[in-house]
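Asks: Here's a structure for you.
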Amino acid sequence: MRSEAVPQPGGLERFASPGKGRGLRALRRYAVGELLFSCPAYTAVLTVSERGSHCDGCFARKEGLSKCGRCKQAFYCNVECQKEDWPMHKLECAAMCAFGQNWNPSETVRLTARILAKQKIHPERTQSEKLLAVKEFESHLDKLDNEKRELIQNDIAALHHFYSKHMEYPDNAALVVLFAQVNCNGFTIEDEELSHLGSAIFPDVALMNHSCCPNVIVTYKGTLAEVRAVKEIEPGEEVFTSYIDLLYPTEDRNDRLRDSYFFTCDCRECTMKEKDKEKLKIRKLNDPPSAEAVRDMIKYARNVIEEFRRAKHYKPPSELLEICELSLDKMGAVFEDSNVYMLHMMYQAMGVCLYVQDWEGALRYGQKIIRPYSKHYPSYSLNVASMWLKLGRLYMALENRPAGDKALKKAIAIMEVAHGKDHPYISEIKKELEDH
C-alpha cells in the first residue's frame, strides 16, 4: 500500500485515510451534481434474466438486439458490441451449448471467470485502474469465517466445473483470495427503478470508503460508473460513498457492514444516531407497548425480512403477498406505518403486486412508502427517485395523468443531480411525459 498521497488527474488524490486504509480525497471544490470522475468497468457481466432486453456487451436497453449465432443466448446491439465482448463471451458460449439446461454458474462465478480472462489478455494496468489496481483489492482473508470460506470453495468448484475448457487457473489459494476480493469489491449495476442488471468490477470506484452520510453517489451509464457529488465537497475532504441501503437503523446498518465488508462505521449518523428514533417509530397508543414488546417486535421484523428473502426463491406470488400482509398486520400493532420494518415489507408487497401486474395494489403500497422514504433517506437518494418513478409510471398506467406528471418530475429532479442531466434514463422519462 502506498501511504503517501498520490495526485491524480482531475482534482482527486488517493491517500492514506486515518483508520480506514486507502481512500479518495478532493483537491478542489465540487458542487452538488458535479461529476467527480467516471470509471469504465474492468469487466462486467449481464444478469441472465436481462438477456434479450439489454446488450450483453454495453448493457444498452433496446428492442431488436441480435443473437449470438452460436449459443443464441447472448444478445448485442451490433457487430461492434459482439466483437468487443467476444473475449469474455467465448468463456461461456460453447459451455452454454454443452451444458444446456444445466448451465447455471452464479453471477459471482461468471464475473470472476471474466477477471481471470481479462488478467491474461490485459496484464498491464487498464483505464479502470488509474487510482487502484485490481490486484491491490482488499480480501479480508483473515476475517473470513468457516461458512464464508465454504461458500468460496463452492464457487471455486463451480468455476472449474463450468469454465475448465477455456481457462488456465491459478492455484486454490490464489482463487480464494480472488473470490474474497470480488465479494468485497464487486458492484451490482441497477437500472433507474433499481432492478438488477448485472455485476461489475470498477477498481477506481472501489477506492472510496463508506459513510452512512455519503457526499457522492455512484450511478451507471451502461457499463460506465459515474461518481457525482450529492453534497458540496471542499478541497481536502475525503470522498465517501455508501456501500449499503441507508434505510435501516444504525445497528442493522453496522451488522450488514460487518458481515459484508468487515468494519463498523463511525460516521456522524452512526455516532449520533439522530434518525434511529424516527426509523423505529412506535405507534401512539393509550396503552404504549413495553420496551420488551418493542424489542421482541424488532426481533420478529428482522426474522421475517430474512424469511421473505429466502421465500422469494421458491414461493408463488400469492404466498409471498400473504407473508407481507400477515407481517404488516402483526408489526402494525406496535410500529407506526413509517417504521422502516413496515416500509420494508410494504416495498416487498409492492414488488409482488408489480410482478403480478396488480397496478392498483402496487400503487396503494407505493403511496404509503414515498413520504417516509423521503424523510429517512439522504437527499438525492436513488431509492427515493426510483419510488417516484414507479409511482409516476403506475399513475400513468391507471390514467391519472396529473399525479403521474408530478411524480415523474419529482424523480427527474433527483436524477438530474444523481445521474447528470444528460443521462439516457432522464431523456426516456421526459419522453414518457411528452407521450402521455
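Cβ from N, Cα, C; glycine included.
Taken from Swiss-Prot, the feature domain 'SET' applies to 10-244, supported by sequence analysis. The S-adenosyl-L-methionine binding site feature in Swiss-Prot is assigned to LYS20, GLY21, ARG22, HIS140, ASN209, HIS210, TYR261, PHE262, PHE263. Per Swiss-Prot, the feature zinc finger maps to 55-93. Residues or ranges marked as Zn(2+) 1 binding site by Swiss-Prot on the basis of sequence analysis: CYS55, CYS58, CYS77, CYS81.
Help me picture these features in the structure, burial and contacts included.
Replies: In sequence order, ASN209 are the residues of the chain that are 6 or more apart from LYS20 (S-adenosyl-L-methionine binding site) and have a CB within less than 8 Å of its CB.
Break the zinc finger (55-93) down by DSSP state and the numbers are 15 helix, 5 strand, 19 coil.
Note on CYS58 (Zn(2+) 1 binding site): other Cβ atoms within 10 Å of its Cβ, all shown chains, come to 20.
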Asks: Residues of the same chain, at least six outside the zinc finger (55-93), with any C-beta under 8 angstroms of its C-beta?
Replies: 43-46, 103, 110, 113-114, 117-118, 121, 162-163, 166-167, 189, 191, 197-198, 220, 222-223
Asks: Can you list the residues of the same chain, besides CYS55, CYS58, CYS77, CYS81, whose Cβ falls within 8 Å of the Zn(2+) 1 site's Cβ centroid?
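Replies: Sorted by sequence, the hits are ASP56, GLY57, PHE59, ALA60, LEU65, TYR76, ASN78, GLU80, GLN82, ASP85, GLY222.
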Asks: ARG22, CYS55, CYS77, CYS81, PHE263: which of these binding-site residues has the highest Cβ count within 10 Å of its own Cβ?
Replies: CYS55
Asks: Write down the Cα-Cα distance for ARG22 (S-adenosyl-L-methionine binding site) and CYS81 (Zn(2+) 1 binding site), rounded and given in Å.
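Replies: So the Cα of ARG22 (S-adenosyl-L-methionine binding site) lies 35 Å away from that of CYS81 (Zn(2+) 1 binding site).
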